[in-house]
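Enquirer: Just dropping this structure here.
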Amino acid sequence: MEISYGRALWRNFLGQSPDWYKLALIIFLIVNPLVFAVAPFVAGWLLVVEFIFTLAMALKCYPLLPGGLLAIEALLIGMTSPAHVREEIAGNLEVLLLLMFMVAGIYFMKQLLLFVFTRLLLGIRSKMLLSLAFCLAAAFLSAFLDALTVVAVVISVAVGFYGIYHRVASARPDDSDLLNDSHIEQHYREVLEQFRGFLRSLMMHAGVGTALGGVMTMVGEPQNLIIAKAAGWHFGEFFLRMAPVTLPVMVCGLLTCLLVEKYRLFGYGEPLPPTVRKVLQEFDDRSRAQRSRQERLRLIAQALIGVWLIVALAFHLAEVGLIGLSVIILATTFTGVTDEHAIGKAFTEALPFTALLTVFFSIVAVIIDQQLFTPVIEFVLQASPHAQLSLFYLFNGLLSSISDNVFVGTVYINEAKAALEHGAISLPQFEMLAVAINTGTNLPSVATPNGQAAFLFLLTSALAPLIRLSYGRMVWMALPYTIVLTLVGLLCVEFTLMPVTDWLLAHGWLVTPTLP
């Protein structure tokens, strides 16, 4: 019997999301206008909390839908105006271009990245050195490329290798159901479990590597570009401004990688089983033997385009998004991708997040119009200039660990910029706060998948169920990194940021810019 129209409407509303989640969103949408009519400031904070809730529940429903409904309602009831939202979007156009074009551009360099990570995995036999290499490679790539793309490539390598061994273990060469272990013998099942542990640890090291590298440069994370634009920094200066915090954090992060592997802590330390290595090596040898000259030339072309990307970013030859567009044009031209649909696939990864970021800017417009963060900023600015840095770092870190760090970084840098424009803080102090905001937004956010988009991408990927990587296990495996990165970052903000920055200014490495 066919269901009623009411039941059909309920099922269509937010699709497969749990009923309690749908009900919660409906309550939000009913309550917000009522509260706004009585107490606009309270309603504004209610909206922010609700929006953070949708980000935290990203596994129940992609936040674009519920967050978008909340943003539309905020516009309809007058919490902000379409004109203000347009201003926010226009002011952050570079970030949208970064997400649209740079991520799509790197998509056409995936063959090269797959080649690099495959060579690492099979070329390094020591698990400690392999983990360090994956972490370092992910960090380096994330400093210039989008972290999501780097993680996507590592996922592709892991799924490919898992599938190769799973088919051998199941004695079914054509089996595509990688989740089904029922027909695998006990011995192979034990080896497969070890292989899962090995892949879990590598994926987590690579994920943390993207955070370590992503915090260092203005293109490493979307919020970095927003912060760099607010402070008037280019690529080189951004790196030097962050270096007093990010370089010690990088060293301590890599030491953590070695320690958890050596002492097999927090689920790390599982080596690659010899039988699996043998199977993978044989497969790779066959693949390399079959590689044509055309495929080799594609890899060389992608490597040269990678060099162009790094040089163009380092010397700020154009806006980041336009450099990404040049990568799309060069990569498609020299790898022979000419079909419109094949090119279109490159944009599917980034556009949902680009749309979500546009919704972020709507919420930011509400925060500005309703002056929601004014009491928080006034409280922080009452402290001494030195204490302000630690407070900004901690406030950012706390919110970024449960919410999306792009949203948090955007809100706080806007508030700091407003304080500068109103004369509440000096220009040198604003620059220090920008460093504290950027590092506070990026480093503690490794605590949960909600904070790091790359972690959330990994958790929702096809690989996660294959290697038994759940939300809880991811938080547990990230814990040593969370503690080390957060504490070392805080200590550096507290003790090394100001003296090292003063030294760089005194020796002409940095200059105080004229703000845009």
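Cβ atoms are placed via backbone N, Cα and C, with glycine included.
These numbers come from a predicted model, not from an experiment.
As listed in Swiss-Prot for this protein:
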| type | residues | note |
| --- | --- | --- |
| TRANSMEM | 23-43 | transmembrane segment |
| TRANSMEM | 61-80 | transmembrane segment |
| TRANSMEM | 97-117 | transmembrane segment |
| TRANSMEM | 120-140 | transmembrane segment |
| TRANSMEM | 144-164 | transmembrane segment |
| TRANSMEM | 202-222 | transmembrane segment |
| TRANSMEM | 238-258 | transmembrane segment |
| TRANSMEM | 303-323 | transmembrane segment |
| TRANSMEM | 348-368 | transmembrane segment |
| TRANSMEM | 391-411 | transmembrane segment |
| TRANSMEM | 447-467 | transmembrane segment |
| TRANSMEM | 475-495 | transmembrane segment |
Enquirer: Report, as numbers and ranges, which residues of the same chain sit near the transmembrane segment (303-323): CB under 8 Å and 6 or more residues beyond its ends.
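Expert: That would be 93-94, 96-98, 100-102, 105, 109, 112, 144-145, 217-219, 225, 234-236, 330-331, 334.
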Enquirer: Hey, which of 61-80, 97-117, 238-258 has the most Cβ-Cβ pairs under 8 Å against the transmembrane segment (144-164)?
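Expert: Maximum Cβ contact count belongs to 97-117.
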Enquirer: Under an 8 Å Cβ to Cβ limit, what residues of the same chain, 6 or more beyond the ends of the transmembrane segment (97-117), are close to it?
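Expert: Distant contacts of the transmembrane segment (97-117): 134, 137, 141, 145-146, 148-150, 152-154, 156-157, 219, 222, 225, 295, 298-299, 302-303, 305-306, 309, 319-328, 331-332, 335, 337, 345-347, 349-351, 353-354, 357.
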Enquirer: Do at least three CB pairs under 8 A connect the transmembrane segment (120-140) and the transmembrane segment (238-258), leaving out pairs fewer than 6 apart in sequence?
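Expert: In this chain the transmembrane segment (238-258) contacts the transmembrane segment (120-140) - 3 or more Cβ pairs sit under 8 Å.
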Enquirer: Using a cut-off of under 8 Å between C-beta atoms, tell me which stretch among 202-222, 348-368, 475-495 contacts the transmembrane segment (61-80) the most.
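Expert: It is 348-368 that shares the most Cβ pairs under 8 Å with the transmembrane segment (61-80).
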